[in-house]
Amino acid sequence: QERLRYTLLLLLLHSTDSFYVPGVAPINFHRNDPVEIKAVKLTSSRTQLPYEYYSLPFCQPTKITYKAENLGEVLRGDRIVNTPFQVSMNVEKKCEVLCNFPNKPVTLTVEQSKLIAERIREDYYVHLIADNLPVATRLEFYSNREEEEKKKEKDVQFEHGYRLGFMDGNKFYLHNHLSFILYYHREDVEENQEHTYRVVRFEVIPQSIKLEDLKADEKSMCTLPEATGSAPQEIDPSKENQLLFTYSVHWEESDIKWASRWDTYLTMSDVQIHWFSIINSVVVVFFLSGILSMIIIRTLRKDIANYNKEDDIEDTMEESGWKLVHGDVFRPPQYPMILSSLLGSGIQLFCMILIVIFVAMLGMLSPSSRGALMTTACFLFMFMGVFGGFFAGRLYRTLKGHRWKKGAFCTATLYPGVVFGICFVLNCFIWGKHSSGAVPFPTMVALLCMWFGISLPLVYLGYYFGFRKQPYDNPVRTNQIPRQIPEQRWYMNKFVGILMAGILPFGAMFIELFFIFSAIWENQFYYLFGFLFLVFIILVVSCSQISIVMVYFQLCAEDYRWWWRTFLVSGGSAFYVLIYAVFYFVNKLDIVEFIPSLLYFGYTALMVLSFWLLTGTIGFYAAYMFVRKIYAAVKID
């Protein structure tokens, strides 16, 4: 038995080592086997609107077939489609004309020319894939080293996709010739068998070559001009243009193993910064949390010891501090239904984010399985409705609520309804632009069915059990008549609280936020889920602590209305995230038009709202546990 377990474990370890993603098997090619090149989409970080490949007049194959897609790909705007490029394993091609007729140039109408010029001006990139590997453009630049080393040392960076074209002055030039460079890894085979190859890298060098310089013959072959004398292919948006679409294929052998073929795409950003920032924030958070815990524990011990001294002096001394509000501290707040609903959604988000980051950290949702992250997140959010409902129901019962059906409906629809509403409005704008980023109508209906068919019943189920369960036991009784709340100091203001409480959690995850933003808005891959998991844990710890400190100060000031306030104040870091998003928009992105800006701020609003729910929920539960603990420790007559 033990031995079997051991072997299984070894096998598991071995398999995760050799594959990149569990469940994706490598494809072995023989020489001359066709390697299919597919197009994904056109993207631009200036407009944030993805378009389908054939929205521009590229050469089309005889039959266009779209790949069946998962939910995540549809939401991201990927529309994977076949292309007419004929590429065979390990077969070189010098230069070949793409469209079917051998040497007749393609004529672009004025309309098409205008569209292409527009897309070039908006800085669009074309994304192709070969054997599921995205195409990359190699950027070489000399790093700022000493002069002598300059000749030898080039820094290589890769850019996703290739540029559609470029501008020079007021003229537009289209990249109409693509030089594909594919790298293969030769697999070890038995002696008498044919060699098999695996694709390990896919690069392209786009060129713009004028029609007259590309000499094409009857067999649809062409000759490339000498590098120095050729002129680029101009696209004049005011008239018809004639051009040839051509391509060449070059194969090179590479030592990269199939399992690590994604590494070039992922090492685009600096891992050094990450380690530095993580260690930095871990140290800061643990330092602060150590200090806070010590202060709070010492103060509390003193308080509790004082309160529990059974001396006669006690009667003469004027009681002050948090013991005074013991008769009101568990008085139910206003709007208990809305509070419990928001907290239920917060729990739902918390469970979803925790599981997604954990699974991604194990390498199951790497970028090579496109759209897996989005799909997993959507489904998990639906299924986590049980937990959300359970916690919301139990809290609602504790807050003396009795309309559980209405409460459950509120929990199931409040936050998802806001999200769906904002997304629907933004989607209408994207539809108007005919972008592939618009969620198609069937997908929208499917999402609605998931919401009302999976999420809603599960929330009701959880709510029912939560509401029937024993409510949370509060250690002290609530008085009939509410106490008067003394005048509060200026720094006990809600807004000041939000500003103070948000700094620490935001500081802990500030750098990570930059990488997440560039992954969302600049089409980078985000893959540092191990880091993200650490940051998430730091976030949970810092939110809980800040919230406990804030609630302690508030009760010491004899203000017992802490329910809503803790929830609002703990989510203070969301306010900083909003400010950071505005800063990022102004400094890092060159978005100028109205609709892209609207999209950016619409999605940012969603992120901020979700983040506020998440951090508010963490803070609320920490504070609630803390309040119950301290009041259970003092003797009350």
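Each residue, glycine too, has its Cβ placed from N, Cα and C.
As written in TrEMBL, here are the features:
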- 1-18: signal peptide (SIGNAL)
- 275-297: transmembrane segment (TRANSMEM)
- 341-365: transmembrane segment (TRANSMEM)
- 371-396: transmembrane segment (TRANSMEM)
- 408-432: transmembrane segment (TRANSMEM)
- 444-467: transmembrane segment (TRANSMEM)
- 495-521: transmembrane segment (TRANSMEM)
- 527-555: transmembrane segment (TRANSMEM)
- 567-586: transmembrane segment (TRANSMEM)
- 598-627: transmembrane segment (TRANSMEM)
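Long-range contacts of the transmembrane segment (527-555) within the same chain: residues 266, 271, 274, 278, 281-282, 285, 288-289, 292-293, 296, 299, 321-322, 325, 329, 353-354, 357-358, 360-361, 365-367, 492, 497, 500-501, 504-505, 508-509, 512, 515-516, 562, 565-566, 569-570, 572-573, 615, 618-620, 622-623, 626-627, each at least 6 residues beyond the stretch ends and with a Cβ under 8 Å from a Cβ of the stretch.
Of the Cβ pairs linking the transmembrane segment (371-396) with the transmembrane segment (444-467) and spaced 6 or more residues apart, 3 or more are under 8 Å, so the two regions touch. Here the transmembrane segment (341-365) has long-range neighbours at 16, 20-22, 372-373, 376-377, 380-381, 384-385, 387-389, 391-393, 395, 407, 410-411, 414-416, 459, 463, 529-530, 532-533, 536, 567, 610, 613-614, 616-618, 620-621, meaning same-chain residues at least 6 beyond its ends whose C-beta is under 8 angstroms from one of its own. Across the candidate stretches 408-432, 444-467, 495-521, the maximum count of CB pairs under 8 A to the transmembrane segment (275-297) is reached by 495-521.
Using a cut-off of 8 Å between Cβ atoms, the transmembrane segment (444-467) and the transmembrane segment (408-432) share at least three residue pairs, counting only pairs 6 or more apart in sequence.
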